[in-house]
Amino acid sequence: DILAAFRVTPQPGVPPEEAGAAVAAESSTGTWTTVWTDGLTSLDRYKGRCYHIEPVPGETDQYICYVAYPLDLFEEGSVTNMFTSIVGNVFGFKALRALRLEDLRIPPAYIKTFQGPPHGVQVERDKLNKYGRPLLGCTIKPKLGLSAKNYGRAVYECLRGGLDFTKDDENVNSQPFMRWRDRFLFCAEALYKAQAETGEIKGHYLNATAGTCEEMIKRAVFARELGVPIVMHDYLTGGFTANTSLAHYCRDNGLLLHIHRAMHAVIDRQKNHGIHFRVLAKALRMSGGDHIHSGTVVGKLEGERDITLGFVDLLRDDFIEKDRSRGIYFTQDWVSLPGVIPVASGGIHVWHMPALTEIFGDDSVLQFGGGTLGHPWGNAPGAVANRVALEACVQARNEGRDLAAEGNAIIREASKWSPELAAACEVWKEIKFEFKAVDTLDK
């Protein structure tokens with residue numbers, strides 16, 4: 001069975017048992033009345049069952065309801081169908097004040113019907129010939145308004161300075177000021193020039209997201225013809241059907257696939273209603289993607305440390321034990337499905353590098369947009385500053401130093417022999433984003 005953990009807030013007067021049963025019925029075989037066609041099938045075989053209910057600590061009107069769904073309710077290899085059933089009409093149910101899907105347990109039998117990520121962590125490292133450290137990226141800013149040629153210039157400066165990747169912003173598609181084909185051409189020129197100068201393999205996430213699946217695939221085909229290593233998709237706004245189609249194309253044609261989670265906070269940020277991001281992360285691993293944005297813990301975007309590390313493990317590891325202290329409700333076995341690299345992006349700069357290296361480890365992408373292009377000397381020096389900071393943190397970690405305790409000292413030591421890093425340290429020494437997270441663990 002597929003197991004689901006729902007956070008249920010019933011209307012006043014509705015007992016939790018009734019609310020849990022209603023969720024199970026409405027998201028499987030049930031409707032609001034008995035119908036004569038119920039007798040034409042075996043409902044006991046197909047109906048969802050609410051098998052356990054527990055109160056939420058610290059809340060008087062919230063319950064975690066566990067529901068089991070028989071596998072025959074779901075089409076093989078379709079995240080779209082899985083979500084249509086489990087989180088379809090039930091979220092508008094009048095008997096509930098709020099409903100949130102906290103976690104899913106996907107059984108190996110269903111996982112084996114999915115291709116998953118086009119390539120996975122190890123294949124990506126082999127393609128890029130980069131080992132032993134996190135990868136470095138940068139989102140090109142301003143996100144909208146640059147011409148294709150100026151956009152390509154910004155890409156080149158970042159890549160030659162030492163970054164592994166640059167990135168289209170999620171809302172860069174094909175606008176009047178920069179059509180997609182022009183952007184692809186100038187970015188390809190930039191990365192080939194940077195590769196020739198540095199001797200390193202470089203990439204730019206070319207956003208293939210489009211208004212139709214056909215147009216999206218056309219853009220991915222052109223990227224492959226240019227010989228670039230990676231394309232990008234906005235998987236929530238683009239949709240799971242489009243994402244799975246693109247992931248299959250990328251597997252068949254040797255392209256890596258970077259995934260942006262634009263629109264996720266509309267769905268996952270409120271603690272009592274919606275879908276938790278750990279579920280969206282699991283769905284992405286099934287649908288397919290080699291990278292996905294996962295929050296930073298230390299930057300400008302929402303993300304508590306324990307919760308973030310919980311779904312980072314769900315993205316990367318083969319087997320994850322149940323651990324409620326990190327928000328993981330079920331043990332998950334991914335069998336042979338490749339892993340996804342988490343991307344830390346949003347309001348981060350060189351002073352965050354020790355914490356990011358310690359939190360996310362080697363199999364991650366650390367992405368500095370403003371933290372690269374905001375350098376007072378320009379894009380290339382900004383890239384140099386980030387690369388020097390990263391190499392210093394990795395070396396210190398490998399020597400046994402404690403990044404959490406000595407992080408600032410490590411950055412200061414490195415800045416003594418890197419003027420680019422010293423300038424970056426001076427610019428961002430006072431920049432902090434210290435706000436309390438909205439989505440926290442139940443205690």
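Yeah, the Cβs are placed from backbone N, Cα and C, and that goes for glycine too.
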Listed co-binder of substrate (same site as N89, T139, K143, R261, H293, source Swiss-Prot) among S42, S336, S345: S345
10 Å Cα neighbourhood of H260 (active site, proton acceptor): matching binding-site residues from K143, D169, E170, H293: D169, E170, H293
10 Å Cα neighbourhood of R261 (substrate binding site): matching recorded positions from K141, K167, E170: E170
Whole-number Å value for how far D169 (Mg(2+) binding site) lies from K141 (active site, proton acceptor) (Cα to Cα): 8
Least surrounded among the active-site residues, given as K141, H260, when other CB atoms within 10 Å are counted: K141
